[in-house]
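S.K.: Here you go, one structure.
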Amino acid sequence: MEQFKGQSRLPKFAVPKRYDIRLKPDLESCEFAGSVAIDLDIVGHTRFVVLNVADLSIHDGAVSFTNKNSSKVFQPSKVEIFKEDDILVLEFSVTLPIGLGVLAMEFDGILNDKMKGFYRSTYVQNGEKKNMAVTQFEPADARRCFPCWDEPACKATFKITLDVPAELVALSNMPVVEERVDGKLKTVSYQESPIMSTYLVAIVVGLFDFVEDHTSDGVKVRVYCEVGKARQGKFALHVAVKTLELYKEYFAVPYILPKLDMIAIPDFAAGAMENYGLVTYRETALLFDEQHSAASNKQRVATVVAHELAHQWFGNLVTMEWWTHLWLNEGFATWVSYLAADSLFPEWKIWTQFLDESTEGLRLDGLEESHPIEVEINHAGEIDEIFDAISYRKGASVIRMLQSYLGAECFQRSLASYIKRHAYSNAKTEDLWAALEEGSGEPVNNLMNSWTKQKGYPVVSVSIKDQKLEFEQSKFLSSGSHGNGQWIVPITLCCGSYDVRKNFLLEMKSETLDLKEFLGCSTAKDKLAGAGCGGTSDESNGISTWIKLNVDQTGFYRVKYDEVLAARLRYAIGNKYLSATDRFGILDDSFALCMARQQSLTTLLTLMGAYRDELEYTVLSNLIIISYKLARIVADAVPKLLDSIKQFFISLFQNSAERLGWQPKAGESHLDAMLRGEVLTALAVFGHDPTLDEGSRRFHAFLEDRNTTLLPPDLRKAAYVAVMQKVSASNRLGYEALLRVYRETELSQEKTRILSSLASCPDPNIILEELNFLLSSEVRSQDAVFGLAVSMEGRDTAWTWLKDNWEHISNTWGSGFLITRFVSTVVSPFSSFEKAKEVEEFFASRSKPSIARTLKQSIERVHINAKWVQSIQGEKDLPAAVKELALRKY
Ligand code: BES
Ligand code: ZN
């Protein structure tokens, strides 16, 4: 039996075809009893059947295998569970006959409180705390509910039957075929599912309300939620119906199940889970309250729904063959959710917000401790950690890059044929490339391998000399080190106008482009003289117009311009010649280059000054994030410059703050509504007194009347943060008032809004209280992570707190992916080598597989910050530049 230990995949001499599962959860004792009959195809001569099990007790005496042909029954001579490998090995005394048979088992387990497997979630009904039973199986926890071949490629059909209290709602992937009430219990049986992977099986049992609608071709769609909240499900319902119709067209295959249920679960580790036909969500990602939810909450609901429904095709109908190809699921669903959101809500300009995805992908992938998109997985315990920005955000970004290279129409056609070809089956990354290669005639496989099989990405340096552009690619690392690697980079560039454009593949280390040839000698001048082309007075190179690479930021790489080109771009930004996405990209690349010490902070700050009249949400939003990060690094590097730098940032955002005002305007755009909140929050964080006063005034009006028009949801975060800036151990009123609002509200979005605002307090004593509050029973364990991003002043307190409470934290969150957030959020903000060492020492005896990668990445970030601090300290002209920028009137 030992030969089955330590294997990454199950042996395949028995293949499951159909599961007949019966489960009886007891919501009071939090236990469940179950039985399963698995139709198996024995395809190899074996005396062993090996399958997955975790935390279940198997009734040894009730295990049997019945051959279908002969009806002969085989009982195992030995039943053994290997805990470290989550496997159950059944040993028979004779070789099992080749062909079909049924493996039957009985077992029981516990409805755990770890938000995985078959678990309990709690809610309050009429003042009484109740349990519900919920499943979360991805990536590898179906084995905690029933014995199974728990790998995505082992697809089978599922016939599920539940014995539950008669008054409860019991849902599963398929519609109910029969419900029989017997006293206090009822037996509910569901239609048999099409073939699918184990990680997509789902069950929910509890008390719920719902709202319902139909798609144009008759799929019944419901949104379930806590009793009394049904109205909050209407927005998601609308999005779901429209999105199903859209995907049916886009993938050229209809949604194959007769119904789609979506349900809000009060305790939920991820944001949402795409179980086939029964999608589960955090409340914040599904429910929208017209009165108390913010515009950003609305957008979150729409994109999460669109993401999970994309999986119904990409993931559920066509499934990754193994977790190495997880990115196919997640990267693709992330990308396509933007397509859906853009079609439903064009006014959100959601593609401009896609840059948040790529920039986070670039940020993580700029670390030496990153990993390739396609990553080897040897053990189930390693899967959790790859649900990260590489699989999601880099994955989505390289898909976007490819789509813009191949063209939208060709891309869609090829995708449809990929879906058709692999429906009800599995696929690998190269299967997608093959379909796209056939559809486009382009060498997709070759091109994309350079992006998915090696970690990292290039920075393309571009310089201008004698009317020639010189391009050179090298690996970008945030540490500033030189790395190896070469990519096939789809270069796009514009010269003076979005009509003067060139695309080519940079396959070599370097390449040269003759501008005169590209522009055509005689027409060049005319083109460049055209309206809005933005030529500067810099004539030293003959052609003096701006040149922007990575047009609209569709490529997953950084660009480093030489001094001349950079100056022209600054000019073009100031004069609004560039699109919002390009303005975002130039800023973001410059920030990354500054962190990697390839560009001075003075240069970056000067560039930021060019954004003084910026109006666009996505650009300002990133400008704000960058200014938060810079304020922190300057506080460590040159503390005496902090006030001036804050002054500079305040002056940068003041224009927009004045344009937007505090009071929402009738009929204003979704983006302005979101922007107002972010700009005012930034002003509060940087200590802008009028904003602090106004925020506090409006907060007090809100305390008097929760429906006051003075504090609509989009403004609340700003007001909460403003209030928390003044809270201290001797002035606790604001803190306590916010805790009161937290305790009173039933809206999960409000609770998380408050948790993230409390942490912005500059007083370490309050931060400590806040952190301890996160561990109390008043905060659901799914939500604690929202309170970890503490102010700069609270950084050391948070680290000490993490150490003091590590055992508890590790026990509570250690078996899921939320634990990584504790490590990365608390550790990454530091910026000294001593602290990095201290962190290493603390975790030397405490690291475990589920945090190993995150820990290394966080420590790497601390090193990067430490080097950055040193280089900023060496910038002689910085103090004068900051003072000048801070004083300049915009
Ligand atoms: N398949 C995931 C859910 C998941 C995440 C399961 C991690 C197991 C581990 C789901 O499709 C998903 O991606 N959810 C996202 C939301 C999405 C909009 C990015 C999430 O949970 O954050
Ligand atoms: Zn997903």
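Keep in mind that glycine also has a Cβ here, set from the backbone N, Cα and C atoms.
Curation does not apply to TrEMBL; its annotations are automatic.
A quick note: this is a predicted structure, and the numbers were derived from the prediction, not measured.
Quick paste from TrEMBL:
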{"type": "ACT_SITE", "residues": "E308", "note": "active site, proton acceptor"}
{"type": "BINDING", "residues": "H307, H311, E330", "note": "Zn(2+) binding site"}
{"type": "DOMAIN", "residues": "15-200", "note": "domain 'Aminopeptidase N-like N-terminal'"}
{"type": "DOMAIN", "residues": "235-451", "note": "domain 'Peptidase M1 membrane alanine aminopeptidase'"}
{"type": "DOMAIN", "residues": "546-863", "note": "domain 'ERAP1-like C-terminal'"}
{"type": "SITE", "residues": "Y392", "note": "site 'Transition state stabilizer'"}
S.K.: Kindly state the mean pLDDT of the domain 'ERAP1-like C-terminal' (546-863) in the predicted structure.
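M.R.: Averaged over the domain 'ERAP1-like C-terminal' (546-863), the predicted model reaches a pLDDT of 97.
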S.K.: Write out the long-range same-chain contacts of Y392 (site 'Transition state stabilizer'), meaning residues 6 or more apart in sequence whose Cβ is under 8 Å from its Cβ.
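M.R.: In sequence order, W327, E330, G331, T334, E357, G361 meet the Cβ cut-off.
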S.K.: Near H307 (Zn(2+) binding site), which residues of its chain come within a Cβ-Cβ distance under 8 Å, counting only those 6 or more away in sequence?
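M.R.: Listed in sequence order: A272, E274, A333, T334, V336, S337.
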S.K.: Count, for each of the recorded positions E308, E330, the other C-beta atoms lying within 10 angstroms of its own C-beta, and report the residue with the smallest count.
M.R.: E330
S.K.: Using the CB centroid of H307, H311, E330 as the Zn(2+) site centre, which other residues of the same chain sit with their CB within 8 A?
M.R.: E274, E308, A310, F314, G315, N329, F332, A333, T334, S337
S.K.: When a 10 Å sphere is centred on the Cβ of H311 (Zn(2+) binding site), how many other Cβ atoms does it contain?
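M.R.: The answer is 25.
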